[in-house]
Each structure stands twice: as structure tokens, then as C-alpha cells.
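Quick look at what TrEMBL annotates:
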- Glu186: active site, proton donor (ACT_SITE)
- Glu390: active site, nucleophile (ACT_SITE)
- Gln38, His140, Asn185, Tyr319, Trp439, Glu446, Trp447: substrate binding site (BINDING)
Amino acid sequence: MAKKPAKNANEWAISDREVTRKDFPPDFIFGAASSAYQVEGAAKEGNRGASIWDAFSHTEGNIVDGSNGDIAVDQYHRYKEDIELLSMLGFKAYRFSISWSRIFPDGLGTKVNDEGITYYNNVIDALLEKGIQPWVTLYHWDLPLHLHESMGGWLNKEIVKYFTIYAETCFENFGDRVKNWMTINEPLQSVVNGYCIGIFAPGRSENPSTDTYLAAHHQLLAHASAASLYITKYKEKQGGQIGLGLDCEWAEAWSDKPEDVSAAARRLDFQLGWFLDPIYYGDYPEVMRKKLGARLPQFSEEDKNLLRNSLDYIGLNHYTSRYIAHSTESPDGHEFYQTQEVERIAEWEGDQAIGGKGGSFWLYIVPWGIRKTLNYIAQKYNNPPVYVTENGVADEEKRSAQLHEMLDDKLRVNYFKDYIAQVAQAIRDGTDVRGYFAWSLLDNFEWCLGYAQRFGLIFVDYDNQLSRHPKSSAYWFMNFLKGDKGNNGKEE
Ligand code: PNW
């Protein structure tokens with residue numbers, strides 16, 4: 001394959017000065033994000049039912065360091081301390097998720113667990129007391145285990161009904177105070193890793209060529225059902241908005257050859273179009289229908305009606321970018337990439353990588369990729385409101401590092417500076433970006449990678465009672481949010 005000349009980073013530089021809060025409109029919202037299973041712990045407290053992640057993480061061999069989320073970073077007991085930290089750093093929003101099995105322990109929706117309601121009421125009230133908006137995700141991958149075991153979870157269409165009951169229970173109980181909802185976080189990661197590759201709960205890889213698309217189909221229908229219910233019954237009364245959280249790497253064509261250019265476009269259709277085309281255009285992208293044929297489920301007219309206008313905003317989770325080349329034999333191996341006929345390239349032997357290496361094997365630092373992704377969404381979907389609901393990087397592995405070294409996270413400070421500058425540029429390009437959430441407030445349980453991968457602005461000392469220590473990146477945000485930094489130190 002012809003080597004692509006590496007892009008010159010300067011080509012994408014926006015300005016010599018550091019990004020400032022003033023590069024964003026005053027009502028642009030800055031927050032930090034987390035999810036229930038990754039931070040709460042208290043797995044057996046408060047009458048919580050088990051989720052698929054409890055079962056998955058307790059099965060030997062599934063989590064690289066043999067850990068699980070039983071205790072996680074104990075936010076269940078320490079939410080006040082964590083909200084105090086958010087407030088100290090100057091964040092105006094906290095994105096967290098509700099654990100479905102705290103609200104309905106078996107998922108069935110017959111009896112609400114009052115202890116779960118009380119816990120989230122406490123969190124919401126504590127946030128509001130500090131002037132921090134609660135941004136609530138209803139589903140961040142922790143399906144009640146009973147729903148999986150008794151009926152096949154996301155593979156059964158009945159799940160749509162149970163999700164809707166759960167969602168409505170949350171709107172009813174919390175919607176007087178919660179004005180920003182997200183139905184589902186990253187259906188793509190949850191179905192590709194959960195039903196094709198098998199490295200996420202529920203750990204299935206038996207029928208990748210059908211289950212993956214079926215599980216995604218039901219997540220879309222669950223989104224549409226819950227979001228339409230909110231929009232028709234609660235939105236006006238409660239005055240809030242509801243969105244869907246989608247992850248997308250930027251796909252940069254490996255070369256100017258037509259087959260690579262169309263491979264990159266196809267890749268974006270398999271990442272974003274998969275979920276957005278049904279909502280904005282009434283069906284899956286044509287290229288998916290063509291390549292998948294009967295393996296791709298169909299929408300009924302009723303489904304299409306529910307999907308249409310089922311979004312007030314798009315939540316974009318963005319971390320990294322890849323070169324994409326056409327390939328009929330994808331070295332990524334898995335069915336999902338084979339079907340797409342793409343090869344994802346981050347580094348090529350002897351060539352320059354697409355970006356610097358972040359602390360996770362999959363994460364390359366490509367700030368311009370977020371601007372391109374935001375502009376792509378604006379152009380393809382008629383400039384809808386977008387919030388960047390996750391963006392961040394894991395620390396470099398430093399096994400023998402001292403605490404003070406771990407706290408001086410220069411890599412992350414630079415990552416945030418450069419990515420946030422590109423978000424500001426996307427706004428100047430005309431995209432309707434309205435907010436930005438850093439992933440993550442705290443180091444936490446990074447799914448199958450356990451606790452070794454630290455994405456936090458705040459260090460959690462797993463060897464010392466889970467004590468919290470803000471890293472340099474937390475202080476960078478604090479200064480940035482005060483709006484008193486930048487312009488090379490000079491005031492405007
Ligand atoms: C997101 N990728 O997952 C999740 O929403 C978070 O819960 C998670 O902690 C965070 O990103 C960091 O990983 C992703 O391979 C996992 O491109 C993998 C990818 C993207 C997002």
C-alpha cells in the first residue's frame with residue numbers, strides 16, 4: 001500500500017495563543033462526566049440488583065487486572081465530596097448515569113426501589129445546591145442482569161418496553177430538577193464490544209453477524225420510545241431536553257484514491273450514520289443496507305415515526321481519529337470491520353502516526369479530528385445542537401511512579417488545551433456546539449481494562465482509601481473556567 005505523507009501538525013494549528021473561556025459563548029456549558037458502574041461501587045447496597053457488568057467482571061479472565069466495580073471509587077458514599085470537587089474546579093454541569101438496577105433491581109418495572117430513588121435525589125439536590133446542572137444518562141451499559149438472563153436483554157424486542165418504563169420512572173421522579181437527559185450512551189461500543197467482539201458485558205461473540213445489529217436496533221428503538229415519551233409528555237411541563245450519546249472517531253481517508261475516500265465515508269456511516277440516519281432520514285445508511293442485507297433489521301412505519309424527531313441534541317463522545325483505507329480483508333479481524341471493508345490505521349511501519357500516543361492502546365491524540373467530526377455532523381444532519389459529552393485521555397502507564405508524578409499529568413493538560421481549541425474553532429466554523437464534558441471527573445473502573453487506565457482529572461489513590469487528589473489537568477480547568485488565563489498571560 002502506498003505510504004501516505006504524514007500530515008504536518010502545524011497545518012491544523014489554530015492560533016498561537018492558548019484557548020480561553022472567552023473563545024466560547026457565555027452560555028456554553030462546561031462539565032465533567034462519569035458513569036454509574038465505573039464510579040458508584042456499593043454494588044450490594046441500597047437494594048441494588050445485579051447488572052450484566054457485575055456478572056461479566058466477576059467472571060475470570062474478562063478484566064485485565066482481575067478487578068470489578070463492587071467498590072469502584074465509592075461515589076455512592078462519597079458523592080458529596082465529589083460534588084465539592086466539581087464545584088471547586090468551577091464546572092457548571094455533571095454528567096452521570098443512573099444504574100437501572102438501583103431503580104428496578106430485576107429490571108422488570110413492577111416495583112420501584114425507593115432506596116435507589118432516594119440516592120439519586122440526594123445526588124441531584126447536592127449538585128443543584130452548588131449550582132451544578134445534573135446531566136443524566138439513563139443507560140451507560142449496566143443492564144439489569146435479570147433482563148439479560150430471563151429474556152436475552154438487548155436481543156429481545158421486549159426490552160424496549162422495560163426501558164421505557166424505567167425511563168418514565170426517572171422522568172417522573174427526577175424531571176422536576178433534571179433538565180438534561182441522555183437515553184443511551186454509545187450504542188456502538190456497547191453492541192460491538194458486547195455482542196460481536198465479546199470484550200464487554202454481556203460478553204457474547206457467538207453470532208456476531210446478526211446479534212450486533214439486532215442489539216443496536218433494539219437500543220435505537222428503546223431510545224426512540226423513551227425520547228418520544230419525554231418529548232410528548234414531559235418536555236413542555238418540565239422544560240428539559242433529551243438526546244442520545246454517540247461515539248465517533250474521525251475517519252481520515254488514508255489516500256486520495258477513490259476507494260479510500262469512500263472507505264472513510266463508509267466508516268462514518270457505520271459509526272454515526274448507523275444511529276443518526278434512522279433518526280434524521282428514516283432508515284439505516286444505504287451502504288449498511290447494501291452490505292448487510294437481511295442481517296440488518298427493518299423499521300416498521302411506527303418505528304420510523306417514533307424515531308423521527310426523537311432528539312433535542314446529539315451527545316458526541318470523541319477521543320481519537322484513524323486513517324481509513326479500503327480493505328476486503330480487514331486485519332482488525334472482527335466481523336464488524338470485515339463487513340465495512342475498512343482497515344483502521346493509526347501507525348504505519350516507518351511512517352508517522354496519525355497523532356501522539358495517549359495512555360490507552362487505542363487512543364491517538366489528534367486534536368483536529370474533533371473539529372472535523374463536529375463539522376461533519378453539522379453538514380450531514382443540518383447543524384443540530386451538539387454537546388461534546390465525553391472527551392479525554394488516559395495517563396501514560398507509569399508503574400513505579402510516585403504520587404506527585406501521577407498528579408502532574410502534562411499529557412492530559414495538552415490534550416484538553418488542544419482539543420478544546422478545536423471545539424472553539426468548530427463553533428467559529430458555524431457548528432452548533434453548546435457544551436463540553438471532560439471524561440472523566442475521577443479515575444475509575446475502565447471496563448475491561450480495569451483500574452490500570454486512569455482517565456481522571458482527579459487521581460484516586462487505590463492504595464490509600466480511595467483518597468482524591470486533583471491532577472494538574474484539574475487545575476488547568478479551574479483556571480480556564482475562571483476565564484483568567486490565556487492570551488499568553490496578557491488580558492484582552
Ligand atoms: C467511552 N474506542 O468508551 C465510554 O463512554 C466511557 O465509559 C469510557 O470510560 C471512556 O469512553 C473511555 O474509554 C469508549 O475504542 C471506549 O474508540 C472505547 C472507544 C471509544 C469510547
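Every residue gets a Cβ built from N, Cα and C, even glycine.
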What number of additional C-beta atoms lies within 10 angstroms of the C-beta atom of His140 (substrate binding site)? 24
At a 10 Å cut-off from the C-beta of Trp447 (substrate binding site), count the other C-beta atoms across all protein chains. 23
Hey, for the substrate site built from Gln38, His140, Asn185, Tyr319, Trp439, Glu446, Trp447, who else sits with CB inside 8 A of the CB center? Ser35, Glu186, Glu390, Ser440, Asn444, Phe455
When the recorded positions Glu186, Glu390, Glu446 are compared by other Cβ atoms within 10 Å, fewest goes to Glu446
Given that the record lists Gln38, His140, Asn185, Tyr319, Trp439, Glu446, Trp447 as binding substrate, what is the largest C-alpha to C-alpha distance among them, in Å? 18
Cβ neighbours of Gln38 (substrate binding site) where a neighbour is any other Cβ within 10 Å: 26
Other C-beta atoms that fall within 10 angstroms of the C-beta of Tyr319 (substrate binding site): 26
What whole-number Å value do you get for the CA-CA distance of Trp439 (substrate binding site) and Glu186 (active site, proton donor)? 14
What count of other C-beta atoms do you get within 10 angstroms of the C-beta of Asn185 (substrate binding site), across all chains shown? 24
Other than its own, how many Cβ atoms are within 10 Å of the Cβ belonging to Trp439 (substrate binding site)? 23
For His140 (substrate binding site) and Glu186 (active site, proton donor), the CA-to-CA distance in whole Å is 8
Restricting the comparison to the recorded positions Gln38, Tyr319, Glu390, Glu446, Trp447, which residue's C-alpha is spatially nearest the C-alpha of Glu186 (active site, proton donor)? Glu390
According to DSSP, which kind of secondary structure is Asn185 (substrate binding site) found in, if we only use helix, strand and coil? strand
To the nearest whole angstrom, what is the C-alpha distance linking Glu446 (substrate binding site) and the residue listed as 'active site, nucleophile'? 14
